[in-house]
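Data block below; observations after.
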Amino acid sequence: EGYEYQAAKPAQLRGGILGALLSLYGSDARKSPAGSRKSSFGWDSTQSTPVHSAPPSEPSTPPEKPKRPFFGNRTASSGSIAKLVSSAAVGASPAVSGIGAEVAQRLKEREAAEKALRKRKGASTASLFGLGTPKSKEKDKQHRITIHIAETIARHRYLEKLCRALMEYGAPTHRLEEYMKMSARVLEVPAQFLYIPGSMIISFDDPQTHTAAVRLVRVNQGLDLGKLRDVHELYKDVVHDRVGVEAATKRLAEITKRKQKFSKWFLILMYGFASASVGPFAFGARLIDLPIAFLLGSLVGLLQLHFAPRSELYSNVFEISAAVLTSFLARAFGSINGGNLFCFSALAQSSIALILPGYTVLCASLELQSRSIVAGSVRMVYAIIYSLFLGFGIMIGTALYGRFDSAATSATTCQSSIQGPYFFVSVPIFTLCLIIINQGKYKQIPVMMIISFSGYIVNYYSSTRFASNTQIANTLGAFAIGVLANLYSRIGKRTENLLLDIWDDHLLPRIDRLRIRFASTPQRAFYKQAHHASDAQLEAGQLADEEEKSAARAFTQDIAAKKRQRKVGYGLAAAAMLPAIFVQVPSGLAVSGSLVAGLASADQINSDATGGTGGSVAEGGAVVGLNSVAFNVSYSVIQVAIGITVGLFLAAVVVYPSGKRRSGLFSF
């Protein structure tokens, strides 16, 4: 497994593209004149601007001419004899000249034959000892360098696409640099990574030329649990050397091009069901409040999924407009019949539960906890400003309706809400809605629902025990979620194999027997023969007909092939715990009551606006109320996220005391 050993650092990293290109083009420079100087990168230094200097003085004593040895090359001697004979035959008689020309021609042919023989002997000796001619060596080297450049480019392209996919589908942001470093180390690519929210800076180093190629990957970060699981499985296969880079790049392209599992209008309905299901266990909603919560939640989904992508200008003010509109309508419905029919606080809070910045603050807290100061600080500031927008929108919406209706309700709690264990059934429903909204896989649904429900149960009973401090309850709930999710990641593959063995060996044969028994198809006889006849009987020909024999054998092989075609993926803790974390955030905010704290400020604004006197005091009170509600929402969100962060880190330490040294811990 990945956590049992540490991937050793490669003894030699791959060179960069620039160094390979210089060595490739530097091979042509070796053919330059002998007087030229070669630089360390292979180019000819004589191509630069010449430097003029004085001509050297001639020596007083002329240098001695080197003497040739008396033994020479056979080729040179035979060549000289041929030249001597041909020159002597020029001034002779015609008969003698004809004989001399014939002798010279024979000597030339003999010389050519000896050259060819020596060339063949040299080639055979070179092939025997792994040597070759200079031209063949140069071609082989150029071929190797070209392949090296192509492989390096392919690995760089894979790392860029992997980084883009991890950021786009919601991988844990505080461990993105670790995942990329692990992948680069396995691929023997010298690279450095710097993550800031929304972008990753990648530097591919070249140890030969001491240069670097810098890439900037910018992605609008989103969340897709199904594609995140597929990318994680591909990442693990590459890290454990099960898949090559080319095949991994193709699979990444297929995952990216895949369409969403659920349509936009179906997701808008899921927003409504999520708002209706989160109300009972998080905000004290009653059964009569659920249809109105469904309408308000669907309205928020319509604004986020339909209108915001169509207009970039509106997407910048989406949060404020959604908070203003939902709080205005929630107070309007809550004021019917004197505030006794619908609960205003439950409607206002449940309608915006899916746009709360809990996930953003959680990522910021995790980044700060893991010493990612730049990314954590930037994200935390954004989350605080986002929370201020929501608090401001809630206060403006309630104040606007209070201006139109003097008898508007001001109740911040619900009367006769659903008690105790009876609203526990809404927790799995809300989790299922979250899984569908975030494009989760069907096989992930049971594990996610179990983890989410267990975490909420721990949080609920811990909050009753520690009523004065909600952070302890959030920490314990997050700890339970982290332990279950990391255990699923560590032993989930074995458990899934065990369940599949039970299905293949015990349940599936019984289902097939029942299906074939009640089916009126010709396969029934083949099925019976295949299951009651052994391979030896099939080979011995104890079956009546050859066609029945081949059909029964094909049916048996088909059953065995179905059992062999099993691909159990890795347990992904990050995707398994995300819906459970989303369940923790609204309940924690409901305990603090920060979302409806602006109701008192809205009432104060309306009362001061209708009263005629005390303008300066009223204006000051309104400003104080605005500041208090906005910062109260921000502080509550940060407080809940910090409690969840501590619990998740403690759970990771408990399950993985020594960490996962090869592929990195893919968990929050």
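Heads up, the Cβ atoms here are built off N, Cα and C, so glycines get one too.
Features of the protein shown, as given by TrEMBL:
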type	residues	note
COMPBIAS	37-51	compositional bias 'Polar residues'
DOMAIN	158-400	domain 'Threonine/serine exporter-like N-terminal'
REGION	29-74	region 'Disordered'
TRANSMEM	265-284	transmembrane segment
TRANSMEM	290-307	transmembrane segment
TRANSMEM	314-334	transmembrane segment
TRANSMEM	346-368	transmembrane segment
TRANSMEM	380-401	transmembrane segment
TRANSMEM	421-438	transmembrane segment
TRANSMEM	445-462	transmembrane segment
TRANSMEM	468-488	transmembrane segment
TRANSMEM	568-585	transmembrane segment
TRANSMEM	633-656	transmembrane segment
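Residues 264, 267-276, 279-280, 314, 318, 321-322, 325-326, 329-330, 333, 342, 346-347, 350-355 of the same chain lie 6+ residues outside the transmembrane segment (290-307) yet bring a C-beta within less than 8 angstroms of a C-beta in it. Of the candidate ranges 314-334, 421-438, 445-462, 633-656, 633-656 contributes the most Cβ pairs within a distance under 8 Å of the transmembrane segment (346-368). Beyond the ends of the transmembrane segment (421-438), by six or more residues, the same chain brings 170, 223-225, 262, 266-267, 270-271, 273-274, 277-281, 354, 444-445, 448-449, 452-453, 456-457, 578-580, 582-583 to within a C-beta distance below 8 angstroms of the stretch.
For the domain 'Threonine/serine exporter-like N-terminal' (158-400), the model gives a mean pLDDT of 89.
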